[in-house]
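Asks: Let me give you the structure first, and then I'll get to my questions.
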Amino acid sequence: SLEKIFVQITSTNICDLVMSIVIMVVVFIVKELNDRYRAKLLVPIPIEIIMTIITCGVSYGFNFAERYNVQVIGKMVSGYESPIPPSIEVFQESAVEAFPVAIVGFAVAFSVAKVYSVKHDYPIDGNQELVAFGVSNIFGAAFRSFAASTALSRTAVQESSGGKTQIAGLISAMMAMIVTVALGFLLEPLPRSVLGALVIVNLKGMLMQFREIPYLWMRDRPECVVWVGTCLGAILLGLDLGLALGLGVELLTVVFRVQFPRCSTLANIPGTDLYKDKKDYLQIFEPEGAKIFRIPSPIFFANIEFFRKKLIEAVGFNPLRVLQKRNKALKKIKKLLQKRDHDITETKRWENCYTTKA
């Protein structure tokens, strides 16, 4: 009956909800302890592995899948597919769909790599990343694998667990190989809600970037618009259309930056040879009688008026008006001098007349 179905659905949702909340709270607390006592701990507590083992055991012991109708991972196929040669027919049918998949996969992977490269202060090469993904997909396609890209959840879990070098990636790959070959059946009773909870907690750092929107708006408004537009586009329209929307917004901001660049007046930082924007520093020295004006984009017909306006604001007066007033004053002086010469000439003429008569 409908009542039994409603009770069954409600009990399933409550079970998943309670389990997810408990796991998220526990993992969050342990991760905060790992961050706080990082210097004292030899190895961060692998709370994700611990919670996975516990929930698998509890789900198997209480039979969550049949008793409470909880969605679990279920049957896992062990081993790998046998290699096959590339098929021209498959390539012709999937070439159009494969292109956006490749673009989206590389864009996601490179953006994630960029985030962690800035966080841990190391350089990355986009061409190297693109070649690596291409070779990986060519090799993996022979074994009918999925298109290779960056897994946000696994990357966040590995980074939060302390993995920083290629050894961590090698160990992760070996563990994934062991699980898929021999130990996959142990994860069959794992509830899917547990995986979702672990992913959400490990993406806490990325989700908390929303707190930086006010600072980014004050610091660089075009970049803030690109960030928000790409994020909303990916959430509402999907990842491929969201990236296309973000690219379009980025192109518009490039045009906007060229036409309306962020001009600045530079001043000297006391005790150094550095000249920075005087709006960014409090203790700064501006040379007397000189203005150092900086425009970070080329000057052409589209931004010449904007450049002229900003330069006038930086100097503090309009040179054209000063020139006009100067020319006007010179004309007046010239007229006065001409009038004076005329008066002097007339006076001398009358004096000469009086002298002749006398």
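From the backbone N, Cα and C atoms, a Cβ is placed for every residue, glycine too.
Pulled the feature table from TrEMBL, pasting it below:
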DOMAIN    2-230  domain 'SLC26A/SulP transporter'
TRANSMEM  6-29  transmembrane segment
TRANSMEM  41-62  transmembrane segment
TRANSMEM  98-118  transmembrane segment
TRANSMEM  130-147  transmembrane segment
TRANSMEM  167-187  transmembrane segment
TRANSMEM  194-213  transmembrane segment
TRANSMEM  225-252  transmembrane segment
Asks: Spell out yes or no: are there three or more C-beta pairs under 8 angstroms between the transmembrane segment (225-252) and the transmembrane segment (98-118), with each pair 6 or more apart in sequence?
Replies: yes
Asks: Apart from its near flanks, which chain residues at least 6 from the ends of the transmembrane segment (194-213) lie with a Cβ under 8 angstroms of it?
Replies: 19-21, 23-24, 27-28, 31, 48, 51-52, 55, 73, 115, 152-153, 156-157, 160, 224, 227-228
Asks: What residues in the same chain, six or more past the boundaries of the transmembrane segment (41-62), come closer than 8 Å to it by Cβ-Cβ distance?
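Replies: Counting only partners 6 or more residues beyond its ends, the transmembrane segment (41-62) has Cβ contacts under 8 Å with 19, 23, 26-27, 30-31, 33-34, 68, 70, 72, 157, 160-162, 186-187, 189-191, 194, 198, 202.
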Asks: Across the domain 'SLC26A/SulP transporter' (2-230), what does the mean pLDDT come to, as a whole number?
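Replies: Summarising the domain 'SLC26A/SulP transporter' (2-230) by its mean pLDDT gives 78.
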